[in-house]
Amino acid sequence: METQGPQLIPNDKKKIHLKSNAIQQFLAFGSLIILIIFFSIASPNFFQFNNIIGILLSTSVIGILALGATFIIITSGIDLSVGTVMTLCSVMTGVFITSMGLPIIVGVLGGILTGATAGAIAGIAIAKFRIPPFIATLAMMMIAKGLALVISGAAPIYFTSYEAFTEIAMGSIIPGIEIPNAILIFFGMAVIGGIILNKTIIGRFTFAIGSNEEATRLSGVNVNKWKIIIYSIAGIFTGIGGIVMAARLNSAQPALGQGYELEAIAAVVIGGTSLSGGKGTILGTVIGALIMSVLTNGLRILSVPQEWQTVVVGAVILFAVYTDVIRNKKAN
Amino acid sequence: MAEKLLKMEGISKAFPGVQALSNVLFDLNKGEVHALLGENGAGKSTLMKILTGIYQRDSGTIIYQGNEIEIADTKEAQQLGISIIHQELNLARDLTVAQNIFIGREPKSGFRLFLNEKELNLMTQELFDRLNIRLNPGELVEDLSVAKQQMVEIAKALSFESKILIMDEPTAALTDSEIDSLFTIIRNLRSDGVGIIYISHRMEELKRIADRATVMRDGTYIGTVNMREITIDQIISMMVGRQIYQNQRPEIKNRRIEKVLEVKSLNRGSTIKDVSFDLHQGEILGFAGLMGAGRTEVARAIFGADPLESGDIYIRGKKVRVKEPLDAVNNGIGYLSEDRKQFGLMLEMDIKANIAIASMNGFVQTGWLNKLNINKQASKMVDALKIKTPSIHQLVKNLSGGNQQKVVIGKWLTRDSDILIFDEPTRGIDIGAKDEIYKLLNELAAQGKSIIMISSELPEILRMSHRVIVMCEGRITGELINDEKISQELIMTLATKRIG
Ligand SMILES: Nc1ncnc2c1ncn2[C@@H]1O[C@H](COP(=O)(O)OP(=O)(O)OP(=O)(O)O)[C@@H](O)[C@H]1O
Ligand SMILES: [Mg+2]
């Protein structure tokens, strides 16, 4: 059976193996289904249309932030600034629309641009000035937090006289079915994120940089440029998250936001994206974000005190990452 | 008269504490294979990194196709038609074969943004067909063996259709038949007029493939010779500038045959199948076989790096449980991995830290690290092993490949392990250093240490081992005393003896 003569194929053992991403996604998806079944049995109030919509609505902001964070984490970076940058974006939108009287669409674009700019600055600090992502985005987190407070005068900005703005999140563009736009925006962004990550050159370099930055650089790829682009894209997601947040609350709350970055990271990690980079999916992140909000919602319906909800979510993160570790070990 | 493709003149380059290159000369013709030779740390890789824009030279000129040029970065080198296969593997493990080969040059289908994966795989398949490489473009690189990964690197470099192709030890991880195919490819490129710079420590390859050779020593230019007009021995003495130690087949008589290590019926999936053997005191036990025969797996299992399914390990007659490397180290076993970068060294730390790491307890006094002793031990090892470095404070990542290997050896010598497992101890090591390592192994054995030496180079096995164990597909297919009856052919037959 052995072929002879020169041929460039070393004879090593064939490995039967499933795509590891697929397994993790299956695991995460399975857990989500099990959670849903469990809570549906435990409480008749869980599997109700309104409650499901509530869950999706509460997933939307964290979910959008987590989509952006997925890109960063696949490059083996981290972004601690998404929570407060999101707030800064809401505040800027508030200023554009209410104080400056700009049209809503301009205010929205301005908010998104704020996110992109913050992302680009973090990206430049990381790529050009070689500041580790943890530190660069920690600094960005504090800068954004401070700026949001300064610009808003530490007071909420209300959009009460701009009803159309609230519609962005709470209205429903599909006639007949009461699905708030925030949810549609989340899923829409997920689709866009998935396309960018899997079908475009940006996604390819996201994986390549996370997998082996040096090899990518030696292949003649301008790694710095692409890192800045990737952080900017994540910033755009953050900006959109900020708009949805403001529209949902009908106000920009300058003191809110800190802590969201960790929940976003948690969603990404539960969804099977590896913090060491090179591996991850958008679908995983969507499922991860859903697991977190199903869990919180279900526990609340079962009247588990809020403090304990947090403990459970923490345990779930440990468990999720542990299955990931086991899986990686098996694969090797 | 051959057409000049490249001329590098007066090239110098200093790193902090090291003059890596001084006033080096190198030239390359169209359609020739020009070997670049020298001991570990001679500066070969550094010179090539200057040519490919990774490092910037301190002085000197580069004339390429008649014009003086500056090469600012890798991209520029690629555009000029200069590509390189690096000494270290440089692949993105989470991407597929095709994605790695065309990274940065992906075919796009819209707005220069969307990828055309189908076209990508097609391009890769065409490339493979042309080069007679049998790999699946869609396979993930992390699922490939080291040899296949090396093939991907080679294919990637060839895909640039370069005028100059640099190969920095391309054959270090390849088996003989793979090397044959690589040489076929090289000969084809040569007749297409490509200039090839070929770096290798495998002297036996040179006569087969190289037209000319340039020899470097300690960062200086020694000379350029026509391969047809010179013997390998002459080249070696140019490289090392001294006579090198040659030893005969080891003495078999008068050895105590006290069993130090007994391994009984080891099993681990499809990689280790019913492996049993003994290791005697003061013995060098060679493990021969093709790549993937399971030799490394056996070594890792004995060292506790991978879990076993079944089997027992006895050390000096006492059964031991080796569940993790710590157990093995405590039982006096040291392991030099074949992949020193990944498993043997802390690249970002200095020489002294690497030498001390396995023996920290010995350097602690009342809770404090005795830095003085660490420094002393490190200096001792640097001298004893002739590690080429400005000081013991040098980061290991800045050492040349061969010197890194010596640091790993120094680590286990410091630990004073009784049983040493050397996995490909001379891979990527120059001929002078190779001999020093052979000498060292013999000395260690003479001192009563017991050594398992895994090697894919048969001459090395025959030269060093008292006994030879041959493996094939996870099984031991032969155990031989290294006497007059043994031969390379016999070992090869056993190494390809497939059972079931
Ligand atoms: N980035 C660096 N920083 C400091 N010193 C370096 C660096 N790169 C190489 N050197 C030093 O320069 C010298 C030449 O190293 P180089 O890697 O070019 O050797 P080489 O001839 O390729 O050896 P080998 O055969 O072992 O690969 C060595 O002394 C090495 O320690
Ligand atoms: Mg080198």
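Placed from the backbone N, Cα and C atoms, the Cβ positions cover glycine too.
What TrEMBL annotates here:
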| type | residues | note |
| --- | --- | --- |
| TRANSMEM | A:26-46 | transmembrane segment |
| TRANSMEM | A:52-73 | transmembrane segment |
| TRANSMEM | A:80-98 | transmembrane segment |
| TRANSMEM | A:104-127 | transmembrane segment |
| TRANSMEM | A:134-159 | transmembrane segment |
| TRANSMEM | A:179-197 | transmembrane segment |
| TRANSMEM | A:228-249 | transmembrane segment |
| TRANSMEM | A:282-302 | transmembrane segment |
| TRANSMEM | A:308-326 | transmembrane segment |
Can you work out whether the transmembrane segment (A:179-197) touches the transmembrane segment (A:52-73), with the criterion being 3+ CB pairs under 8 Å where the paired residues are 6 or more apart along the chain?
yes
May I ask whether the transmembrane segment (A:26-46) has at least three C-beta pairs under 8 Å with the transmembrane segment (A:228-249), counting pairs 6 or more apart in sequence?
no
When each of A:52-73, A:80-98, A:104-127, A:134-159, A:282-302 is checked against the transmembrane segment (A:26-46) for Cβ pairs under 8 Å, which one has the most?
A:282-302
Can you tell me which parts of the same chain pack against the transmembrane segment (A:52-73), counting only residues 6+ beyond its ends and a CB-CB cutoff under 8 A?
79, 82-83, 86, 119, 133, 169, 178-180, 182-183, 185-186, 189-190, 193, 196-197, 206, 210, 230-231, 233-238, 240-241, 244-245, 248, 260-261, 263-265, 267-269, 271, 273-275, 277, 280-282, 284-286, 288-290, 292-294, 296-297
